[in-house]
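Pulled from Swiss-Prot:
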type	residues	note
BINDING	121, 125, 126, 127, 355, 356, 357	(6S)-5,6,7,8-tetrahydrofolate binding site
SITE	228	site 'Plays an important role in substrate specificity'
MOD_RES	229	N6-(pyridoxal phosphate)lysine
């Protein structure tokens with residue numbers, strides 16, 4: 001018999017201790033991984049709801065199971081809010097992740113072996129944009145494009161590659177690029193060779209929703225995103241489009257269900273719905289503006305302290321520190337900062353001499369610290385402490401001093417007040 005008072009702590013203390021340990025880690029560590037954020041208690045309430053019990057294969061009004069009258073309302077709310085927030089006229093809220101959303105787009109629009117132009121993973125792209133170890137690189141003929149010597153997307157290179165290889169699809173979007181993308185220019189290049197323009201805006205979706213970063217939806221044939229990262233919702237994916245016909249949208253829907261997924265996760269879709277509503281609030285815009293300000297403030301400190309930032313700055317929520325000149329590996333920098341309770345991720349930099357398992361850089365993002373309430377002053381202090389650690393990654397006494405400062409500021413700015 002199920003009872004509402006059942007809990008994990010009493011039944012499975014081994015698991016509960018690990019879960020509580022993660023709560024403490026999040027409260028006592030500064031989170032700078034660009035793809036991570038703190039979701040709201042409302043989203044977590046949705047994800048822990050009885051919606052998790054409901055199977056709902058199909059789409060609202062066209063289900064393969066009975067008893068879907070309430071989950072239809074939930075999914076339709078998420079669809080309508082996604083369309084309103086991003087100016088789309090099509091939305092699919094069922095993908096379990098950004099990678100699943102991307103896989104569905106490939107499946108809908110391409111045949112195995114088709115040529116695709118995607119951003120090189122080593123220069124800022126994503127695994128699903130054609131990395132040889134990913135399904136995208138295994139199933140399709142990938143032609144990578146990259147950045148120029150100034151660290152900016154090389155549109156001339158994209159245009160030349162497109163003209164030469166005649167791709168069926170060009171992918172815009174990134175996982176480690178700190179500049180703005182000219183979506184109109186990307187569409188112009190795609191149109192010149194009759195290719196689809198597919199944009200993966202996962203990293204900057206929250207900034208786009210708030211009008212802080214250019215919106216690709218009016219320019220692309222199809223757009224995907226995650227619902228976490230800057231959007232600060234549950235872990236999941238979305239597919240959006242504007243200006244397509246019903247046949248095009250039917251292809252996209254079919255590629256999600258039944259093409260690549262079965263039943264949707266209705267508890268997660270409820271979390272997406274509430275996160276999309278939160279993203280429509282005026283304070284969400286203020287939050288995203290602060291995300292950009294904090295990233296810029298941190299870049300200023302790193303540059304002043306003699307550190308190299310790829311492309312020399314940032315126009316979004318993230319930036320890459322290039323540590324080649326400092327002769328520090330990304331792996332060692334990541335570990336040293338971790339000992340000071342500062343969490344980053346090692347990341348390859350353009351023309352990186354080291355392997356992807358070691359790297360010569362770290363990726364830094366401001367969404368999570370901004371969610372805690374950090375403003376420019378705190379962001380600058382934090383960047384200074386990071387420089388103190390990186391100036392001598394073997395000075396354990398100094399790392400311990402920085403750790404104490406981190407613990408103090410974390411107590412002052414709790415994740416969940």
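For all residues, glycine too, the Cβ spot is worked out from N, Cα and C.
Location within the structure of each feature annotated in Swiss-Prot.
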residue: 125; record: (6S)-5,6,7,8-tetrahydrofolate binding site; Cβ contacts under 8 Å, 6 or more apart: 118, 119, 131, 144, 171, 174, 175
residue: 126; record: (6S)-5,6,7,8-tetrahydrofolate binding site; Cβ contacts under 8 Å, 6 or more apart: 119, 173, 174, 175, 200, 202
residue: 228; record: site 'Plays an important role in substrate specificity'; Cβ contacts under 8 Å, 6 or more apart: 35, 36, 37, 39, 234, 235, 236
residue: 229; record: N6-(pyridoxal phosphate)lysine; Cβ contacts under 8 Å, 6 or more apart: 34, 35, 36, 37, 202, 203, 205, 206, 367
residue: 355; record: (6S)-5,6,7,8-tetrahydrofolate binding site; Cβ contacts under 8 Å, 6 or more apart: none
residue: 357; record: (6S)-5,6,7,8-tetrahydrofolate binding site; Cβ contacts under 8 Å, 6 or more apart: 331
Where residue 127 ((6S)-5,6,7,8-tetrahydrofolate binding site) falls in three-state DSSP terms: helix
